[in-house]
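Report on one structure; see the data block that follows.
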């Protein structure tokens, strides 16, 4: 699945939300999150993010890896 990382915090442009064909992107208090159970890995969200915050999970930069778990926890606690 894809993961939204720190550049989204405070930005929340929402271009990705409109692009996602399966409505897997949900708004959190400070950023958007991608539901790993709904994400179909189509990558439609990645190029439309104006702050380049979206990565395929295996390509998340080392200093942003905490967002993989943060993303999972967001949906685990819903």
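The first residue you see is number 1, and the count goes up from there.
Backbone N, Cα and C define each Cβ position, glycine as well.
When Cβ atoms from all protein chains are considered, those within 10 Å of residue 16 ([3Fe-4S] cluster binding site) total 24, not counting its own. Summarising the annotation, Swiss-Prot assigns [3Fe-4S] cluster binding site to 8, 16, 49 and lists similarity to another entry as the type of evidence.
Around residue 42 ([4Fe-4S] cluster binding site), taking its Cβ as the centre, 13 other Cβ atoms fall within 10 Å, counting all chains. Positions annotated as [4Fe-4S] cluster binding site by Swiss-Prot, on the basis of similarity to another entry: 20, 39, 42, 45.
Residues 35, 38-46, 48-57, 60-61, 64, 67-68, 71, 74-75 of the same chain, all 6+ positions outside the domain '4Fe-4S ferredoxin-type 1' (2-29), place their C-beta atoms under 8 angstroms from a C-beta of that stretch. Taken from Swiss-Prot, the feature domain '4Fe-4S ferredoxin-type 1' covers 2-29.
The domain '4Fe-4S ferredoxin-type 2' annotation in Swiss-Prot covers 30-59 and is backed by sequence analysis. Beyond its flanks by at least six residues, the domain '4Fe-4S ferredoxin-type 2' (30-59) meets 1-17, 19-24, 68, 70-72, 74-75 of its own chain at Cβ-Cβ distances under 8 Å.
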Closest of 20, 39, 45 to residue 8 ([3Fe-4S] cluster binding site), Cα positions, binding-site residues only: 45
Number of other Cβ atoms within 10 Å of the Cβ of residue 39 ([4Fe-4S] cluster binding site) across all protein chains: 20
Residue 20 ([4Fe-4S] cluster binding site) CB neighbourhood, other CB atoms within 10 A: 21
DSSP-derived structure type at residue 45 ([4Fe-4S] cluster binding site), helix or strand or else coil: helix
